[in-house]
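Listed in Swiss-Prot:
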type	residues	note
DOMAIN	2-78	domain 'HTH rpiR-type'
DNA_BIND	38-57	DNA-binding region
DOMAIN	122-261	domain 'SIS'
Amino acid sequence: MRNLLEQIQGRLDELNKAERKVAEVILLNPQQATRFSIAALAQAAKVSEPTVNRFCRSFGVSGYPELKLQLAQSLASGAAYVSRAVEADDDPAAYTQKIFASAIASLDSACQQLDPQQVSRAVDMMIQARQIHFFGLGASAPVALDAQHKFFRFNLAVSAHADVLMQRMLASVAHTGDLFVIISYTGRTRELVEVARLARENGASVLGLTAAGSPLANACSLSLHIPLPEDTDIYMPMTSRIIQLTVLDVLATGMTLRRGVDFQPHLRKIKESLNASRYPIEDDDLN
């Protein structure tokens, strides 16, 4: 179950303008928010005190005192994702620490919320597939390419595509036995949702790596719901790709274990095929 900070971060887009101001003040400095009075929070967010109370009730708490208690519990858990935005005056030490802390906390949060039964079902879909297409757009496009690099090792027909027209054409000729893995941070990209629906209409299975409750998640046969809180207003998504790549590693590991020890020589052969393309470590010419 997500803690309060994660719930606030995940619902930012659902809040009205005034309530979002309250959320942004809390996420900017949750420690300080636990020390605010309701009047101080309202002033910091430039909203009225009744707006703060409505915000509290929308998250299932009776008022600001209870909200502050849950905030403190979220911070004390040690696993909460706390938004720490990079500021214009951050020095290298500050922004380095923030980026690493954000990635570590987001990975921990994703691990806790990833359903093992859903992971097992996703691995089943991949093992049973005749061929797998990985789709991604924007920041998720290189993740799809990385997936192709991982999963061709399983003696499957695997492809990756970041062009919306190619994605649509492949979905239009999909068949039973085809699996489309669609990767999207928001799950709200119209083209990807349409492709998911088209592929399913033609008998294919669709696995989504995306946000819970999103249009894409609802359009897929199965969706691995990945919480990806991050700063997206100014900076390009960073932690989203790290989590997506890690989840794909989880699925690849699941497939490897399902194939058993008899499959290991095949993987070893692929790895050893690269030896001739690399300089030996002890080569003096490289010193």
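Sequential numbering from 1, following the chain as shown.
For all residues, glycine too, the Cβ spot is worked out from N, Cα and C.
For the domain 'SIS' (122-261), the mean pLDDT of the prediction comes to 92. Beyond the ends of the DNA-binding region (38-57), by six or more residues, the same chain brings 15, 18-19, 21-26, 63-64, 66-67 to within a C-beta distance below 8 angstroms of the stretch.
Per DSSP, the secondary structure of the domain 'SIS' (122-261) breaks down as 72 helix, 27 strand, 41 coil.
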